[in-house]
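Report on the following structure.
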Amino acid sequence: MSSKEQQAAGRDFKRNSNAYSSLPPTGTGAGCSGAALGSGTGTGKRARSKQHQLEHEQFGLSNSLSSESIRQACAYYDDELSDEDLIEIQQTPQAFHQQTKQPLQLQPISFRLGDELGDERSAFCGSQEMQQVPLSTPIKQAAETDEALCVLSELDAILDVHDVSQLNGTCSSGSVNSGSDDDKVEDYLMDLDNYLEEMDNALNREDSLIIIDGHTSLKREPRTRTLPLSRKKKSSKKKSEDQEAAQGDFQREHQLRKTFSCSLRPTSQIASSSGSLETSTEPVMDVWRRQSMRRALEQEDTKATVAMEREEDDIPTLLVELPPRRDAEMRRCFSQGDCQASVAPTVGSQMLTEAHIFDNLLQTNARASSEEPRPRQYGRRLEGPPTPVRPLILAQSRPQSAPTRVQMREPQLQDTPTHPIMSTCSELSSARSSRMPSPVSLPSDSSSSGSSSAEHDQEPDPVQTTTMCSASSTTPLEPLHQLQLLLREKCGFNSQWPHAGSRTLALIGCTLGVFNMCRFAVLTINFGGNFLLQFLLLSVIFGIPLLWLQMCLGAKIRAGPVSMWKISPICAGVGIALVMQQCFLALYSTVSLAWILVYLRDVFPTAARSGYRWQEMAFPYRYDASNATGNLTQTVAEYFNVVVLQRLHLANHPDASGIRFHVNDRQLAFYLALIWAAVFLILCKGLKSLGKLAYIIYTLPLVALAVVTAKFVYVVDPSRIQNIFAASDFDDFLVNSNSWTAATQETFLTWGLLGASVIAITSRSHTNANKAALRRDAILLVLFTLIGLGLMALLALCCAQILWQHGYVYVPGSFENPDCYTSIYSLQSNTNPYLLSYPRSLIPHYSSFIGETYRRNRTMIHVESGFQALRFISEIFPAVLSLASDSISWVWAAVAFATFAGFGLAQLCVMWKPISSALGNSTSSVLLSCVTGLLLSIPFATEMGISILYYVDFLLGGSWFIPIIWTAQIFGVFLIRGRPYNGDDLVNDLRLCGSMSAFLALSWNVLLPIGLITLSVVDYKASLSNQFYYWRGKSYFTYWSRKMGSLIQIGVLLVIPVTAIIQIYRYLAHGPPDILERIQLLYRPPEEGEEPRRPSARQTASQSRRNALGQTTEGGQHDAQNDAPPKYTPPPSYTTATGARLAKLLRQSIRRSVRRVLGDSSRTRPVLSLDAESASPAAPPDYLTILTNPAGSSFNADPSPASSSSPESIEIDQRPVGYSQRSQSLGRKLHRSGASTLERRPYTAEDVVTILRSSVRHRQSQGGGNLVTASTLPRPPTAAMSTHLEDASFRSIENLVLNAEPPDRTPGVELELELEAGQAEECARNNTSVI
């Protein structure tokens, strides 16, 4: 070869060596070009690398590529296609799943991307035998034009037209070509390069595409622009041969234009070396894999959501297998990661001219502009081999023969820590089914799709996995998993409990506080053992089930007492009323804790006194000088009223002011501030701080109570312990109404009063909590509560025995004046027999939250209320400590009062927790709530604070309207909302035994509503609350206070209906266009992640029925009418016809409304399920497929073998006559096994026609032969059908029509009946109609 030829060969494609990868040349041209290059060098080093260059030149356009290799690489053939070839082209996707290997065939290329960044991003080639598909189609008939096809075709045309003689020369020819021809070829190649750059600019604007076999979503990376035309003619610096040998494939730092090709069969000249050719392709392809994947990772957009797929078994890769043809090659072009395939058809002697290219581009643009967008496709409409559909892909992007790919928009980034996994199914919708949107999609089996994700039964991940099976779907799917919804909440404050036992200890504060412990102690002293047994019995029947119901609601709904009514917004007023009532309880009960701190302060001895302060005289001038110590009967009562309550006006003290609403001593205000500061420190970090301190504020008081009780038992004379229950008269167990009233009220105040806090506490759990955690908490809470109350009852009985030993007796007093607030009397000094001998068990009693009311003198109820707060701490316990000071030191007294203060602080924290959470989940909201609570509790620390305390406690503390609110909650949850929050479902969360679960369900549904209403009546009578509503008679309260009290009690109850009215206005004024949808959102909104019913489904079904009626009328004109004409019937009058029609419309409207409101699942249409490709799809409605003809014989339409083999035919099997899915009340269903329905496809419109036609009336033919006709609408059932079959038939027909897929969405159903030969064509023509 001359030097000029060598220079021309060196200039060929040298400037584009970094922008092109090559096509494999066939024949000897490639080898000769390499030999010529090797001979031109003349050095031994080039001779050693000669063979290495030959191997690489088989795969790439090297710097020294000869004209013959270009000719062989760009060769194309145009064979005329036969009819068989065209059929095979259409059936090419059916061969995607075949995987038989051909030994001498190179492998088509597919991609599989790794999940992790650290994994090797590999692309592999697989060879699989498939059906024969022609490699080319005529240009004007091609559906789409590939980018790589256009590039190679233009290159081929330019080379053939302008330098045919030069390209046809071999490497051994010694002819000398002119320099002008070489320059001309180079100029055309540079023009082609500019054309490719313009194509790159257009392709860069395309959206990112997802490869079907890939695991990640990669955006299209732009190519690096080549040099300008002025600089392209400058020759680049020549690299050394060592660098060419080491870097003969690709350079890593450049954006490459990759054009890769593999030959299915080598030409005859190199057929003997096919084995070595296969071997030589592997290293080059391996390097190409690494570089392309690295380049894709570098250009990946960080804002794009990385789609992660669940771990699946080996899914067959979709590969296109092309048959081997002699002297034919297949070009596979990969443009920046997109899988595209294309071939260019020509005849062997015909050249591709510029006119052909221009015409082809015009046709492509016309097709792209005329292509209409297609809406989203729900579900799958075609079983069998996947059919490629490209509604959103450009016309030039890929050929028909390439594997199907899916184009989708980038999903928006979620705010949650985890993202839903988008799994793209390989089974796509057909072109016919993508035209119209479908509001209803029936679940279908995925047994025919080997790559469907429904074939893999896997446990659900914490991150929601959604399956997307539509090629044109661009709507992001919503995650459904409950754990992902929980992760959206603010973490670190009220998200979860820090320890496993924190929730259990916090729940103890709801049932075990200083107030109910003091009440329980005093009631045990007054009523004895009868009260204990009655309380235990009522707790088992009513109290404990009520507590467990609140725990189950909190754990099930996972929301607070107000936000829990997202399940039924119309009942939100119930939660607001409960929180309001509990807020008032927390405000006025705080001052009682300040009283305990005053007692704790005065326990410690000082230098001025050696004993307790309540042993000294409060006012020495009131007593004789001889009585220095004073009477214990007076000192204990005066200490509480004067020193603790600061009621200085009672003793005419000089420091007393004329204004009773005055803070005489600021000690109570200081203790109130100290208490609220402690509450803030405990709740400042939400559940995190409360859970950590729960082990201190709940455990230590309980342990200290046990220690103090043991000490008092030790002090009591052992011989008198056996007489503790001797005073109890068990004969009055059933007849003493006062005892039963006290036990009933105490049961509710202990187990149900603070239910709002129970719901708020149980709505959160520990991170590692299992399903049995709720049962553990429920059982431990009951045990700890009963133990605490039992210890307190034992302590109270010991104190009563100590008083009896020292000659004192306890008689409940009243707080009003010194004459009545004394409660400890000495048997020696007091001689009033009426006061000492009156049995305490017969005194009328009423319990409120912080105190009790005993009406000793019924004639003076308008003067003495009989109320006293914390009777055990303010009346009994200080007197016992004074009498037993020799055996019980002040240390034990300090421990006892500290224990009571700890119980009170713990209960105040759990009461204030839902109130502070209502303002917000932050430290500032807790601080704001605590400061507000401090300011609102200051009035109770004034001189008249005890009077205000009694008034508020009488109105709100355990009043008659509180049980009514809890009754409304039970009705709202069980009746208005219903499933899945009824008793049968909630009781399963406790995981108790069968008998206990049945009893709880019975108690929640029947016993609790009855018991709460009865308790409301009992409270109303026992508390004398009628004085608030009868303003004429005498009363303890003033006229204005009675009006205010009635307004407060009724106002709390009116919160429920007022909130319901507001919610009705909000939901009916705004929302979905369908009024029934709005009503459903108001009463029974769908759960989070559950799609509401679609009103468009009913409209579509109605439209389908109207279409069916119209088509039936047209088709009925051709049917033979053999029946005799009916007898004459006079037409109805206008009034009768109009009234009947209106009555029918009204009846149908009421039925639809009731079904929508009650959620009757027997009439519910199946809606689109986001997990339609899940492993266990829901079974379609049970349709009746056995229909009977007038003769009474069973008619079964079995497809013929020809139709059954077609993928567009179905098989209608015979089912049992019994209707196995009959609806029950309140939406319940008899569950049936779906084994017979899970293996069949959903019914389409054509299926419905076929099934309904199987119930036709067989009419006799006219004029020879029997004519069997089919009617679209079924006739009413005859008398021969049974009643059961008659009822099931109409229900099945209605379900068939309502649940059928819309027409024109799936291929028609071909059902060939067993007809006579003369009527086969007519039957087939009738079966093509749609409803």
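Just so it is clear, glycine is given a Cβ too, placed from its N, Cα and C backbone atoms.
Here the structure is a predicted model, which means the values were calculated and not measured.
Of all ranges given (594-614, 741-761), Swiss-Prot attaches the label transmembrane segment to 741-761. Among the candidates N921, N1326, the residue that Swiss-Prot annotates as N-linked glycosylation site is N921. A gap of 25 Å separates the Cα atoms of N857 (N-linked glycosylation site) and N631 (N-linked glycosylation site). Considering other CB atoms within 10 Å as the measure, the emptiest surroundings among the glycosylation sites N857, N921 are those of N857. Rounded to a whole value, the Cα-Cα separation of N921 (N-linked glycosylation site) and N631 (N-linked glycosylation site) is 54 Å. Annotation note: N857 (N-linked glycosylation site) sits in a coil segment as assigned by DSSP. The Cβ of N631 (N-linked glycosylation site) has 15 other Cβ atoms within 10 Å, all protein chains considered.
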